[in-house]
Amino acid sequence: MPHQYEILFSNSKTILWRNILWLSSIIFSVYFYEVVDCNYSYDPPSWTFEFETTLLCDQVSWYTDFVFNTIVIIITLLLNLMAAKEGRRQSRNLVNAAGLQLSKVQLRREWNFVKQTCFLGLSMVFSQFSYYVVAPVISDQYPVLLFFVSTLWAFRHAVEGGIILASNQELRYVFKK
């Protein structure tokens, strides 16, 4: 796919993609918030924002948030793993063509990228699952647990930074300087 970037993301096509995304976002937002009347409001007992509790709004939230985001996360994880595999294959071909051996540093970098990709994908799926599946079934008797699970989506970004630092030695070296 990297060889197709110039074709897919030329200046004019990037503007086209941007405009399509803006237009589709506006259309979906107007439809779901104004026509269908799935308002987004704050719920004090759960300390979160949520759609109105109608059957249609619950389905909208489930399919447009949980299912869509989880599919995007899994596709991203698979594409990253495929890119790592292809990069590793090309790296080995290049090194073998030169009659050399792959260094331990290069092997470690490749393995760290795979670990980073897997852990980032798993943390995203875990936070999605906890927010959309676990949080709604926790009772109000456990406010600290409810707050933790409900805000895990936001805290996940901090965890991602930790995962990136843990699996990237060069980045840790820069921060130690």
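Glycine residues also receive a Cβ, built from the backbone N, Cα and C atoms like all the rest.
Taken straight from TrEMBL:
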type	residues	note
DOMAIN	1-168	domain '7TM GPCR serpentine receptor class x (Srx)'
TRANSMEM	20-42	transmembrane segment
TRANSMEM	62-83	transmembrane segment
TRANSMEM	118-138	transmembrane segment
TRANSMEM	144-167	transmembrane segment
Among 20-42, 62-83, 118-138, the most Cβ pairs under 8 Å with the transmembrane segment (144-167) come from 118-138
On the 0 to 100 pLDDT scale, where does the domain '7TM GPCR serpentine receptor class x (Srx)' (1-168) sit on average? 79
